[in-house]
Each structure stands twice: as C-alpha cells, then as structure tokens.
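**Student:** As annotated by TrEMBL, domain 'Nmd3 N-terminal' applies to 17-246. Residues annotated as domain '60S ribosomal export protein NMD3 SH3' in TrEMBL: 249-295. Taken from TrEMBL, the feature domain '60S ribosomal export protein NMD3 OB-fold' covers 313-406.
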C-alpha cells in the first residue's frame, strides 16, 4: 500500500504521525503509510479467490451468463474474462493495472496481480497491490453436453447424387477436406445415394450449403421440424434439414441433350461427352470439338441423363486413325477445344478380334491415340438405350461408337502409385485413375506421400499419366523423431 499526494510547491517541514509519532511529510490524513494500512483496506470487498468454469472437451471458458469463449493462457482475452468476474466488486475503487503471475499449467490455478487506487480519509489517495486467485473448475458446455447425449445436431445437410458411380462425390470430398469444412461437422454418415453432414448450429450448415452451390451444380430444398416450444418466452427450437441434389452427370459420361438446349449452346451436337464437372458441366461434341458449359440452373430447366455408366464401357483397339484439320463449324457455332484433336478412327472390340467387324467414328482423342492403342468407348450400334431425346434423333446422326478415354494397364498403375489422397470415409480406384489424367483437378487436391511404396524410375513407363515426384514433394514435410521440424542439412 502506498500513499499518493501531489508534489509540494514549496519546502515543507515534517509532522508527526497522529498514531505512532513517526516524522512524516504532511498529508491530509496526518498518518504514516503503515498506520493507514492498519486502519483502511481499500481491497476490502474484492474477492481474493474466484471460480472460473472450463470445458475440457472444447477447451473453452464460460463467460457469464451463457456464452463460451476460446482463450489461451495469459492471453488478453483471458485477462478480460477474469476482470469481468470481479468487476462488480470494484465499483468503489479505480483499476490501475492488472497482469498474470506465472503458475504451473496443470495447477488449475490462474493468479492475477491487480493494482487499485481509492480516496480515503480527508482526501488522501491510497494505492494497493494484491493478488486474486482464479480456481478452474471443469464444467461441460451445452454443445458438448448435446454431443454426449447423442441428441446434439441442430441442422443436417443431405447431399445426394443419383448415379451409379460417384466421381463427382469424390471430387467434392477432396475440396471439403482442402477447405476444412468437415471440421465443423459433428458427424458424417455415408448412405446409399450420398452423405449426411450433421452440425451443431444452423450457421455452419448454411456455410456448407453455400460452399456446395459454388462448387458443384446442384439444387437445394430447406425444411424445419419443431422440437420444442416455450409458451412463456415464446421461443422455438427447430431442427433444420437442407437437401442438396447434385446433377446426375459425372466425368466421362455420354449424354444426349434436348434439341432446344443444344441449339442454345451454339448448335452443337446432341450426343456429347462430359469431360469435367466443377461448378458447371463441361461438355464436348466428339464430332466437331465444340465445347460448352452448363450451369446448375440451366440443367434443371433442360435436364438430361447419362446414357451409360463406367461398367458399360467396352474396350476397343485402334486399327487406323486420321487427323482432321481445318474443320469448319456452321453459323452460330460456339467455342472449340484447343486441348483436344479431332480425328477419324477405325476401331475393333478386343472381344471380337476373331471377327472382321470394325467401327468407324469421330473422336476428340486424336492427340492421344495411335494405331494399336486400347481405348474405352460406348457401343451405340449394339446397345438398347432408352432415352427420350436419343429415341427422337435421326438414326443417321447417332454415332456407332463414342470413344471416352484411352485405356491403360490398371494393375501396373495401382502397383506403382506411390501417392494417396486424404479421405473422409472411403476409397475409389476409378477416381484415382481419372485423377492422374486430369492435371487441373490434381493441382486442387492435397496429396499425402506414401513412403511404404518405392518410387520407380521415370524410364519404367507405358505412357500412362502419372503424378511426378516433384508434385508429391511439394506436400512432403520432413520431421525428426520428436515430431519437430528437421534441422538444415550440413554440407562441407
């Protein structure tokens, strides 16, 4: 405790303390500091030990009356929270300074050094320094309590896609992992046609819905279910459900557009191949290399379905190929692809090598195919396809075969694949194969290096696309045995 007074304007003599008689400079109380300490305690009424509630599950502190905040030890946020606990008892004093004193991290104690001032006898100002001890008590917050009670979610996002294969789902899964949107989810359940994301707040669910609408072409529906109603406070407790339906078209699908949609896209052919699905559906006409993008709203106005699934693709061998150059498009045509090459090819099924049956078609894979290569395609000539728009087309405009992608030895590719993707719940070999071919998607994802599989040399290659060693090393983090970052390499 100290005595505060204004500096004297002229020299003054000492006076005797009225209690103990010790010579002191004149002050309004006519008492020394020691006697004032025995007479007045300005920290009286301020608690020296206070309880702070802490949730071990989410590591948050209770900020009365009902909010929970994240605070690090000895942080400004924790100092503010502690001062609010004793604010009501400090209305008659003036706070000068406050700071933490060091304590053991596991002691469940937080000590704070507080400096205050107060005016006492005859206008004398006293300053006192004391320590307030905050005792940490464990208390489960409401959010964690609902999690433990198994009745915790407030909103669910139901993502659905009605297709046989889920390449768009796997692409979406990698984007969710990259942007760490799955961290806010309380639970993730995989069902037959999609995934359910459960959230503890409606705001987190709305954030996921906004992300899906910006990432993949989809449409949404919202519904609410009343759980409870307090008639006294007129408050309602709802559980919200967001139903997100992704377009049933994936990469490498053959589709047939409606005549009206094909005309609006630049008079392109009705039979197209989906080469990519992002926030829009990327289509290419295998007869003209004309490309177009269909967004979600356009798709739901003019819907179209996939004519085949990956299991219906057949393997062909290229017998002859001829590059088509200077292809002229008709009036009102849209853009052409610069990444593909138009070619006329003669192919034969590998299952019919003992016959002379061959098929002639145009393809956008002219830059990849050579005589003797294997390619996967869909056989329209020997298939019974039930599609509204395809059945109304002129049979002369329907190709015999639509080639989708070049075929590689899957067993060799899986054996030498020394990388893997982060996953939420599952794995898919077909998606990994298509990912190696698509360099744009490969740059969007975060790969994990698998050190248990040896890296083969660059000369051991059959022409199949693969992830380079430099791309894998970009995401590689070297650590020592303690888990810390490794030291720099020492060189002579």
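Yeah, the Cβs are placed from backbone N, Cα and C, and that goes for glycine too.
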**Student:** Mean pLDDT for the domain '60S ribosomal export protein NMD3 OB-fold' (313-406), rounded to an integer?
**Tutor:** 89
**Student:** For the domain '60S ribosomal export protein NMD3 SH3' (249-295), DSSP counts of helix, strand and coil?
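**Tutor:** Output for the domain '60S ribosomal export protein NMD3 SH3' (249-295) reads 6 helix, 19 strand, 22 coil.
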**Student:** Can you break down the domain '60S ribosomal export protein NMD3 OB-fold' (313-406) into helix, strand and coil residue counts using DSSP?
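**Tutor:** Result for the domain '60S ribosomal export protein NMD3 OB-fold' (313-406), in helix, strand, coil order: 10 helix, 37 strand, 47 coil.
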